[in-house]
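Remarks on the structure that follows.
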Amino acid sequence: MSIASANDGTSYANYYNEAVEFYNLKKYDLAIEAFNKAIILNPTFPNIYLGKSRALSRLHKYDLAIETLNKAIELEPNNPELYGFKGFILAMLTQYDLSIKAYDKAIILNPNDYGFYDGKAFVLYKLEKYSLAVEASNKAIELNPNNSDVYYNKSLILEKLGHYKLALEAVNKALELNHLNYDAQQLKQELMQKL
């Protein structure tokens, strides 16, 4: 694969597809380069900016990722995925209050995506707002009861609240859904020592 010049008649879709291929191969710098060429040819396609933002975040360039993502939001202000990803990036920047606002906007736009609630629960956990984090975690579980990670995340929150028995129940459910979850195995051992 090679990136042709943006003026060789190649359509933005070709660069976009090439960028996605590079991203999937974890060649994030090359993906960003291809996304940039796609943007030159079609600066009004929000998914290009989202893809570029994801690649930038993989390189821990969170400030640039937010800047790029904001352009996608300008183009498509009612796309919940954009706000959900913005919540994630803001959390990585430890801008937790802004992250909560982004997750809340994503939830307003799509209240049925468990990932938005799980992300919000993580941020509330970081803010030590454990009761609110449990509420968000419960909603994530309600929407996706077969996801091991949401139960594991809930168990971490419950542990912080000192609810070790409930935390153990949640971590056991996480392990029931994915017995290979090493973090859940470790947490289970720690919780059993606290009971």
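In case you wondered, yes, glycine gets a Cβ from its N, Cα and C as well.
Caution: TrEMBL annotation is automatic and unverified by curators.
Per TrEMBL, repeat 'TPR' is recorded for 12-45 (among others). Computed over the repeat 'TPR' (12-45), the whole-number mean pLDDT of the model equals 97.
Sequence-distant contacts of the repeat 'TPR' (46-79), counting only residues of its own chain at least 6 positions beyond either end whose CB sits under 8 Å from a CB of the stretch, comprise 12, 16, 19-20, 23, 26, 28-29, 31-32, 35-36, 38-39, 85-86, 88-90, 92-93, 109. The repeat 'TPR' annotation in TrEMBL covers 46-79 (among others).
Panel annotation: around the repeat 'TPR' (80-113), residues 46, 50, 53-54, 57, 60, 62-63, 65-66, 69-70, 72-73, 119-120, 122-124, 126-127, 143 of the same chain, lying at least six beyond its termini, place a Cβ under 8 Å from a Cβ of the stretch. The repeat 'TPR' feature in TrEMBL is assigned to 80-113 (among others).
Taken from TrEMBL, the feature repeat 'TPR' covers 114-147 (among others). Remote same-chain residues near the repeat 'TPR' (114-147) are listed as 80, 84, 87-88, 91, 94, 96, 99-100, 103-104, 106-107, 153-154, 156-158, 160-161, 177 (criterion: CB distance under 8 Å, separation of at least six residues from the stretch ends).
Secondary structure of the repeat 'TPR' (148-181) per DSSP, as helix, strand and coil residue counts: 27 helix, 0 strand, 7 coil. Look at TrEMBL and you will find 148-181 (among others) tagged as repeat 'TPR'.
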Could you give me the DSSP helix, strand and coil counts for the repeat 'TPR' (114-147)? 27 helix, 0 strand, 7 coil
